[in-house]
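Enquirer: Dumping what TrEMBL says about this protein:
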DOMAIN    7-112  domain 'Aspartate/homoserine dehydrogenase NAD-binding'
BINDING   A119, N186  NAD(+) binding site
DOMAIN    165-251  domain 'Aspartate dehydrogenase'
ACT_SITE  H216  active site
Amino acid sequence: MKIALIGNGAIAHFVKQQLTTRGHHVAALLLRADRVSDVAAEGQLLEIVGSVDELPEEIEHVIDCAGHTGLRDYGPQVLRSHRDLTTVSIGALADEKLSGTLKEAAQEGESCLHLASGAIGALDCLRAARVGRLDCVRYTGCKPPEGWLGSPAGTKLDLNALQGEARTHFKGSARAAAIEYPKNANVAAAVALSGVGFDRTEVELIADPNLSQNVHEIFAEGEFGEFRFQISGHTLADNPRSAALAAMSVISSLEQQTGRLVF
Ligand SMILES: NC(=O)C1=CN([C@@H]2O[C@H](COP(=O)(O)OP(=O)(O)OC[C@H]3O[C@@H](n4cnc5c(N)ncnc54)[C@H](OP(=O)(O)O)[C@@H]3O)[C@@H](O)[C@H]2O)C=CC1
Ligand SMILES: O=C([O-])CC(=O)C(=O)O
């Protein structure tokens, strides 16, 4: 299967390297049109294109590693072109209009949008639990201050000088979190989509100067009982915002789709 990646940042680098090592064929990179010549000049052994129309015909699968704008700008056209699409930009689906457009595009193109699990686990447990009554799902996302740089946390806290206690900078619904923090609250969206939805999932986002990892916690209760899940994830060397597991989950998602599972 020939694969194209959207984006050329921390997650895309990891995914490209791992896919190649594992014997998959990454044949193209889809970038903003004004970035194509710079990246092409770096001498990559794959096609660098600036639009979906320019993707080589033989590309069957596209992986979005470019964040919300990447999914919004290219997702519908990729799906309409009969290609499956895997994304880590789950929070973009909080926008109901985009979500509807992607569903229609997938129907039209007889293609599939696959959501990588990202930086969190235990989504299977939530999906099973919601078969019964789910009374409450709470998600807490804690990162070191540098992990929130460039997000609205920077307008509420002095992230470069934060010391001592952890500070909450957002409390609200998963929908609001995903929309306000496009680079930081994709996990909130993944939890919402696996459980009680964007509007009923409660979210708290915290900057903690005592942390060196990203810590994600889910609490849920309902007819099934009670459940707590916590993960401390190392971030990628190229981006202190993004957990390595988010990039790893893209590979795992693709290999589950293609049946290339290792038992
Ligand atoms: N599901 C999850 O758990 C997680 C999801 N994420 C999502 O993944 C995204 C990418 O993460 P990461 O790789 O660390 O981020 P980086 O900032 O390292 O890289 C983002 C890349 O995407 C490119 N890009 C952004 N917008 C567009 C666009 N409209 N068209 C083409 N290329 C675009 C950027 O290009 P340029 O340099 O030209 O801007 C850059 O190459 C995050 O923004 C976040 O939304 C991240 C972590 C966890
Ligand atoms: O990578 C992480 O730890 C989580 C993250 O940024 C997100 O949820 O968007």
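Just so you know, glycine gets a Cβ as well, placed from its N, Cα and C.
A TrEMBL annotation is a machine prediction, not a hand-curated record.
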Enquirer: For the C-alpha pair, I'd like the distance in angstrom between N186 (NAD(+) binding site) and H216 (active site), rounded off.
Expert: 11
Enquirer: Along the domain 'Aspartate/homoserine dehydrogenase NAD-binding' (7-112), what average pLDDT does this model show?
Expert: 95
Enquirer: For the recorded positions A119, N186, H216, which sit with their CB under 6 angstroms from an atom of ligand 1?
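Expert: The qualifying recorded positions are A119, N186.
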Enquirer: For A119 (NAD(+) binding site) and H216 (active site), determine the Cα separation and express it in whole Å.
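Expert: About 8 Å separates the two Cα atoms.
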Enquirer: Near A119 (NAD(+) binding site), how many other Cβ atoms are within 10 Å of its Cβ?
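Expert: Other Cβ atoms found within 10 Å: 23.
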Enquirer: Here are the recorded positions: N186, H216. Which has the lowest count of other Cβ atoms within 10 Å?
Expert: H216
Enquirer: Per DSSP, how many helix, strand and coil residues does the domain 'Aspartate dehydrogenase' (165-251) have?
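Expert: Grouping H, G, I as helix and E, B as strand yields 24 helix, 38 strand, 25 coil.
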